[in-house]
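Some features that TrEMBL has for this protein:
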- Tyr68: active site, proton donor (ACT_SITE)
- His126: substrate binding site (BINDING)
- 289-298: compositional bias 'Basic and acidic residues' (COMPBIAS)
- 35-280: domain 'NADP-dependent oxidoreductase' (DOMAIN)
- 277-298: region 'Disordered' (REGION)
- Lys93: site 'Lowers pKa of active site Tyr' (SITE)
Amino acid sequence: MMPSQVMVDSFGVPLLPLGGDDEGSSKPVARIPQLGFGTYKIAPENAQEIVENALEVGYRHIDTAQMYGNESEVGAALQASGIPRSQVFLTTKLNNPNHEPDIARRAFTESLQRLQTDYVDLFLIHWPMPEAYGGDYPGLWRVLQEFVAEGRARHVGVSNFEVSHLQRLLTETGIFPQVNQVEAHPWFANNAVRDFTKANGGVIEAWSPLARGRFFDTPALLETAKRLGRTPAQVVLRWAIERGDVVIPKSNHAERMRENFAVLEFELDAPARATLDSLNRGESGRTGSHPDRVNGAK
């Protein structure tokens with residue numbers, strides 16, 4: 001169940017505070033739309049049209065990455081939409097071969113050029129790669145702070161960081177990421193990383209929030225979706241939203257984009273939440289690579 005009072009955008013998407021709670025703040029709190037649109041594995045030749053469709057549906061949070069090879073098309077879609085830049089929360093990520101400080105600086109500038117913008121709302125280290133580049137991801141994290149100081153990244157964070165990686169960042173730099181984008185869904189709830197991130201004031205952003213559809217034949221999920229009159233995907237996305245995670249589902253089809261957006265129209269009841277919570281398989285439910293084993297280009 002969502003909190004009784006939550007700020008939403010003009011399309012009804014909840015807006016989560018970045019950098020802590022509102023209470024006691026002496027300045028406006030920056031916010032991230034809780035429902036975004038992901039562009040992983042969207043081919044460049046299709047990406048502009050697909051992102052334009054997502055923006056037309058109402059998505060105002062677009063997630064891309066240097067690794068995806070579609071930043072230029074995302075930027076073109078934003079330009080073609082006519083939507084003011086300030087109304088779209090834009091995220092991109094540093095590619096694995098770009099971890100050397102000077103290369104990271106150049107790669108970030110090139111991302112801004114491809115995206116046709118002078119800033120991004122969120123810039124992430126895509127993978128920690130703990131055994132590459134001398135394991136100096138804390139040094140890279142310091143480089144990202146430069147982008148914030150320059151005003152070219154409004155916020156910075158990480159992706160695929162485990163508790164050990166986060167703890168090292170905190171110990172060596174004293175700066176905790178505002179966002180940790182990780183795999184998270186009912187079959188791999190990733191609770192240890194999630195709890196540590198939230199305990200330190202960070203936001204969890206779930207990539208692959210639908211587990212790539214691999215578990216949609218789970219009887220308990222099918223029964224719950226049927227009872228609620230919703231699709232399995234809608235039920236799974238709603239579960240993530242109600243537990244406070246940002247989700248960035250992707251789709252090539254406008255109809256599916258609208259279906260995913262409709263998760264804002266209903267809530268789960270207690271039995272549904274309990275059912276979804278019970279699906280967690282721990283590590284056996286992980287569909288992507290373990291971060292400790294990614295130490296090169298993916």
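The backbone N, Cα and C atoms fix where each Cβ goes, and this holds for glycine too.
Nobody curates TrEMBL annotations by hand; they come from automatic prediction.
Not measured: the values here are computed from a predicted model.
Every protein chain shown contributes to the tally, and the Cβ of His126 (substrate binding site) ends up with 22 other Cβ atoms within 10 Å. As a whole-number mean, the pLDDT of the domain 'NADP-dependent oxidoreductase' (35-280) in this prediction is 98. Secondary structure at Lys93 (site 'Lowers pKa of active site Tyr'), as computed by DSSP, is strand.
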